[in-house]
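Copied from TrEMBL, the annotated features are:
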type     : residues : note
TRANSMEM : 115-132  : transmembrane segment
ACT_SITE : 229      : active site, proton donor
DISULFID : 444-487  : disulfide bond
ACT_SITE : 501      : active site, proton donor
BINDING  : 639      : Ca(2+) binding site
REGION   : 658-689  : region 'Disordered'
Ligand code: DMJ
């Protein structure tokens with residue numbers, strides 16, 4: 001029954017797709033400039049001559065969303081060769097040098113030489129067009145121009161917010177109004193967008209934002225807020241604004257205010273907010289409560305999920321609190337955030353993979369649902385980023401990351417069929433139960449984060465020069481590339497070119513696990529409407545919405561920076577165009593979430609997420625920009641894409657905890673009995689027990705029947 005439903009949905013979506021594909025190709029055949037779509041008014045212009053050139057160049061890469069459009073120079077190559085030999089007038093080989101020009105009266109030998117030279121040049125040209133000699137990609141693409149398009153999209157979105165919802169926490173682009181989340185607003189959109197404004201050098205806009213923060217923003221409001229979201233977006237936004245404005249005073253400068261000597265507004269607001277959030281950590285275990293009242297500072301237990309906090313939410317506050325501690329010298333911020341890591345790790349979960357709910361009072365996990373999507377994701381992200389933030393001086397976090405990544409490879413990586421795409425699935429009932437072949441879009445932060453972990457932020461070429469480069473890093477880079485392709489396929493698979501919130505996969509029965517051997521997947525995912533790889537992807541109607549999420553473009557950004565392979569920028573450009581085309585609200589209202597990525601025309605939801613400005617557009621902008629802006633070796637980006645500098649521990653800070661002792665297979669050794677008369681354990685390692693290096697020895701994962709597994713999709717949960 002379940003399979004039937006899937007099949008019938010697949011057929012109807014294929015039919016829809018082929019109708020869509022025909023529609024897409026028609027304008028290519030009709031319009032001389034190769035415009036593929038009509039753009040809503042006020043969306044950044046795509047029909048200038050540069051755009052035509054880019055479209056043409058695009059076709060030549062063989063990676064166009066619109067195959068066989070006749071649009072690219074490489075298309076119809078045989079005709080060009082024919083033209084060369086005088087049978088047909090070919091297109092110019094270079095845009096300003098017609099190639100079919102011959103002087104008519106030359107000596108025969110000289111003529112022959114010219115023909116031979118011509119053939120040679122043509123072949124060289126073809127090699128060039130196909131990118132064979134140019135691993136870095138097509139140098140004719142003007143990435144600066146594309147980056148400007150992103151900036152235009154940002155300005156349009158920001159301008160719409162300024163016009164229709166200024167000062168509100170939410171912006172609704174369809175009804176063109178806003179809403180507050182707390183009585184006087186928290187600056188949800190303004191604060192989250194600050195550093196993107198700075199990176200894009202939008203001086204007027206940053207001035208307006210700063211003015212609002214200075215005169216309107218108060219966090220002293222008697223209202224509950226989500227501890228995690230407020231930390232990553234507001235605290236993170238203020239801290240990165242502080243970092244950028246003080247470290248790069250020429251970035252969107254505000255005369256007389258910004259710069260290393262003048263700016264303290266953002267840091268003052270950040271400290272005030274952090275002090276109000278501290279009450280969340282006052283649980284019995286130290287694991288933060290899901291919410292906190294900003295006025296009373298009292299932590300509030302979750303009203304849902306049996307009172308448990310989300311694991312990702314409790315464990316993705318550390319970059320922010322530690323950077324604030326470093327800036328202010330207030331060790332308390334550091335200690336509270338660090339304590340959470342210890343409590344979580346003391347649970348000694350198998351292979352470093354954690355259930356997605358944790359009780360704040362007890363510090364133990366609820367249920368056994370393990371995934372790297374909603375409620376699980378950024379725990380893993382913050383392991384490797386904590387290690388990098390403190391300049392690799394806290395090896396405990398790289399050890400935890402390595403263990404968790406080995407756990408992912410052992411228990412969660414499987415392959416789709418028939419095309420063997422790499423799938424990072426879930427274990428909803430625990431590691432001993434069956435695998436669910438489902439990926440939230442949120443999981444797509446992983447390819448980039450794996451690559452970041454493998455090289456520490458250097459390029460692969462640089463990292464390979466180090467003696468420490470090993471087979472493990474090689475394999476991790478391979479895994480990152482495979483997963484990146486899977487995430488890209490989520491976009492390429494749909495008529496809109498946008499990914500759904502959740503994707504399911506057809507997998508083998510029993511599942512083929514990575515542990516049993518890496519399977520060969522297609523080199524390139526063909527754009528063709530009937531490409532076989534599309535059979536591997538399954539989109540369920542309840543999961544088909546798109547909330548303008550950043551994770552795939554985030555990973556594309558890391559993969560581009562780390563591998564230098566321009567294909568990742570090209571994929572990003574295709575995705576960007578899809579956002580422009582299918583998420584634009586009417587008139588000057590900006591961009592919005594949509595209901596269903598499989599249906600054209602798209603039905604719009606009435607909400608622009610703040611991470612559209614803070615993350616998605618920022619990552620596009622960085623992806624198309626030069627690599628020396630925010631070098632990955634100098635910074636870490638928090639889970640809301642707010643950049644913080646890496647720093648040394650210095651005298652004040654150190655890692656204040658140790659992992660419980662483990663044996664060689666990674667199993668935690670039993671805690672020694674307490675001395676008589678002492679009640680209960682203190683949760684700390686027995687100093688007598690010898691601590692072995694954690695070395696995860698993979699054993700075949702337990703797999704089972706997948707047909708009963710896929711639980712009802714959790715479409716509401718975020719991180
Ligand atoms: C953002 O708020 C953060 O990236 C978070 O970690 C996950 N959810 C959203 C974006 O999808």
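Even glycines carry a Cβ here, placed using N, Cα and C.
Whatever TrEMBL says is automated annotation, not expert-curated.
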Structural state of residue 229 (active site, proton donor), classified by DSSP into three states: helix
Close-lying recorded positions around ligand 1 among 229, 444, 487, 501, 639, where CB distance stays under 6 Å: 639
Around the Cβ of residue 639 (Ca(2+) binding site), the count of other Cβ atoms that are within 10 Å: 28
Whole-number Å value for how far residue 501 (active site, proton donor) lies from residue 444 (disulfide bond) (Cα to Cα): 11
Using Cα positions only, nearest of the recorded positions to residue 229 (active site, proton donor) (487, 501, 639): 639
Site of maximum Cβ density within 10 Å, from active-site residues 229, 501: 501
Surrounding CB atoms that lie within 10 Å of the CB of residue 444 (disulfide bond), all protein chains: 31
